[in-house]
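Undergrad: Sending over a structure as structure tokens; questions will come in a sec.
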Amino acid sequence: MKKIRQCFGIVLWLIIVSLGCNPVQSVDRNNFKTCEQSSFCRRSRRVKPGQSPYQLHLNTLSVGSSSISAELVNYNNLAKFKFELSAIKEETFRMKISELSPIRPRYEVESALVSEPELDTLKIIEQTADHVTVQAGANEAKVFAAPFRVDLYSHGQLVISSNARGLLKFEHYRKKPEPKAEEGAGAAEEAEAAGEEDIEADPGAWEENFKSHHDTKPYGPAAVALDFSFVGAHHAYGIPEHADSFALKSTKNTDPYRLYNLDVFEYELWNPMALYGSVPFLIAHGPARTVGVLWLNAAETWVDILSSGDQTVVSSIVNFVSGSDPTPQVDAHFISETGIIDVFFNLGPRPLDVFRQYTKLTGTAPLPQYFAIAYHQSRWNYNDQDDVRMVESKFDEHDLPLDVMWLDIEHTDNKKYFTWDHLRFSQPTEMTQNLTAHGRKLVVIVDPHIKRDGSYFLHNDAESNGYYVKNKEGRDFEGWCWPGSSSYLDFLNPAVQDYYAQRYSLDNFKGSTEDTYIWNDMNEPSVFSGPEVTMHKDCVHHGGWEHREIHNIYALLNTKVTFNGLFRRSEGKLRPFILTRGHFAGSQRYAAVWTGDNAADWAHLRITVPMCLSLSVSGISFCGADVGGFFRSPDEELITRWYQAAAFQPFFRSHAHIDTKRREPWLFGEETLGVIREALRKRYSLLPLWYTLFREHELTGAPVMQPLWAQFPTETDTFAIDDEYLLGDRLLVHPVTEAEASSVTVYFPGPGQIWYDMDSYEAIHVSSKHSGGRTEQIPVNIRKVPVFQRGGTIVPKKERIRRAASLSLDDPFTLLVALDVNGTASGTVYIDDGRSYEYKQGKYLYLDLKFEGKTLTSRFIDKNSKFPTKAWLERVVIIGWPSAVSKARIESKGMGTNVLEASYNSAAHLLVVRKPAVSMAEEWTLSLL
Ligand SMILES: *[C@@H]1O[C@H](CO)[C@@H](O)[C@H](O)[C@H]1NC(C)=O
Ligand SMILES: *[C@@H]1O[C@H](CO)[C@@H](O)[C@H](O)[C@H]1NC(C)=O
């Protein structure tokens, strides 16, 4: 959603509050803080390495079956903390540091973890005056007392060290100093003696101004910060959301990466500025090991990254690992405004292990309904119900598949969510039923700001029940957003959670149906009149928590409640679908995420890959970007390339700003329409693969969209690649993201691997003589989407393309069997009703396919699961087959034995077996004769 309009709509307001809203076409950086403009970031960033005043009192050590704890003291001011280290199942340690007896409770994050993590057993294996070592499985933690440091070992190798650089900082809550009559030398000396000179000297410690906004900071300085050194890591990844390269850059000469959910107008590319979401999860990867760190803190956070090249002697811990050996290392320094230090260390050792370990903590994305992974058509706005009907019918007329129509804010009665514009959407139920009759769905927007309008039931309920977030004076917070003067539901309040979830019931949300799904936008939250376009940090939530403490989980809670609402609406029968802009660790359990208000230019198309990779490795697999770019209008070539690229990204939706030209596919020339149709058909034909990958993500945490190093972890050439990626372990995708491209440079990973062009079946062999991959120029014309199937895999597809994916569930399957150098291949197919939760009761089929020698078999992975699918096997295509075969035999219990024709294309090394016609609900064996 957004903007331009915002500038006109609230111009008066803007003058009053002198908030800049810049109508030029890039972000107004002045609207957003730098680290230097933020007192806690500034203070923490100035901490000098190598002088840590923190010491652990090992004489206070207490040992439990899964954890140890002890007192930690800051010798500059004698503030006391509790240190706790626990062992968690799945190669994970958790470290918590909090105040021993704070004068006010410190906020601990809710709702990000899927549940209380399962503890593992731990035992002390060594204790001296200077350190204690604990062991959990093959992992050890060596905790040093003075200065405090925690080194984590896996299989005897040092992998992560915390506070190795001595940047730990925990600003305990304190009483506000009395204003001094005179700022004499005595006071300054006193402060210095207490080691608090940074706070005393910082005019922003107790109150802070930014532009015209004043932050009262009633509880004063409360920052927490800590450094982590990753031994052997070449790069760090994750900590979305930023419009930057996938491999994080050194921030030595820039601001740190910022995590603070913000509605950034026309965001700039390739920089560490904050965007709509914040996932404080970082992955460090090297050829020998991959590890992850979850910094569980919901306050504004900045992250500095240093890589080996930036090391100073003091910052490198290599010297006590292996002397002068130049072991690569990445250092990260997390700085949060408040909260506690609560860190999870996932020790790998492989990327897929880290994904599993991390999603064990924060959850995986539940399997979406089948329609949700198909194509979505959106714009701000479809004008009225006739427009919706017209657009939908044009999709049919032009033979373009479509599953979902979307309505942005203008569908409501004056931006009152859960209502409809009476004139333009007078028959919403019939409109939706018309879509449903064609197998399609509707998504409508529901934002968390509430119009302050005495005739709006939601406002009246919220106001009278105290459901709004409060300002610092304790009155309902009011800010400016789409409806004008608005207040914001306080999702921390359990009563609000229940009330809001109920709004989604069919009785309450008149005009909605079971096929109406939800888009939660503007949930950073966006407040046009607020500091940095969001809520004041001294606003107050349920429980007395300041907004400062929970800011980054506001969107998470918003989508959690929406999810519960949709779940209850169908009495737990149908899987909800929600799209969210704001997000945090754990958001994947509730919603898909898109990259917000991008623009119609090539660089924005290009950055969709690194942005979605960063989200994917941080647990958020269901990611996409507005096709065509939200702002401005794409030309024919750009829209074509965007459709082609997005057809191979998890969430596939076209969307556009209200001031852009209409851009439905038929509004371009015949050729463009034809190529877009092809891209859509490619997506639809591969939906069985997408669906299987989403199910496997739900089971294992493996991202649907993966960086090359997830499958080729030791291949250093893959580490910085972010213009191509893998879908599962089966397809390699390199979208064309440059104008007038006549070729793309594709890196094919894996010594000894074969990659097959999905269009020509041409084989690209990677030599097994070298340790790296192979780089090739692949020629492209406007129709070409460079996608390659990995030899050794089997890809399921459906070649009949229906008007909507949900109508294709019974259609027959084609299997693409791509052989590796040994002439073998394997793969899986997942099948269920595409809609309900019955799969949780065993109503599904999960097939294990194997090709070896001359035989392809299909076996059930879960013998007790069953699903009566009508789908059958229509075709088997064996890619890379060396010689002619003319007959094959299919056998199954239900069908007996049949002999089939096979045809061989010797130029393409392609063997096609037609109509095995066996049911996918049976186990079967296909043999080449
Ligand atoms: C629903 O479809 C029917 C038949 O095409 C059409 O006459 C009617 O106007 C549609 N209703 C809405 C609300 O779009
Ligand atoms: C081929 O088989 C050999 C011997 O079993 C094995 O070492 C190799 O990993 C296999 N290659 C592939 C690509 O699976």
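Glycine too: its Cβ is placed from the backbone N, Cα and C atoms.
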Undergrad: When TrEMBL marks a stretch as region 'Disordered', which of 178-199, 838-859, 882-903 is it?
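TA: Of 178-199, 838-859, 882-903, TrEMBL gives region 'Disordered' for 178-199.
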Undergrad: Between the domain 'Glycoside hydrolase family 31 N-terminal' (83-304) and the stretches 366-693, 701-795, 814-867, work out which stretch tops the count of Cβ pairs under 8 Å.
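TA: It is 366-693, which has the most Cβ pairs under 8 Å.
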Undergrad: Can you tell me the mean pLDDT for the domain 'Glycoside hydrolase family 31 TIM barrel' (366-693)?
TA: 98
Undergrad: Taking DSSP states H, G and I as helix and E and B as strand, how many residues of the domain 'DUF5110' (814-867) are helix, strand and coil?
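TA: Residue counts in helix, strand and coil order: 4 helix, 27 strand, 23 coil.
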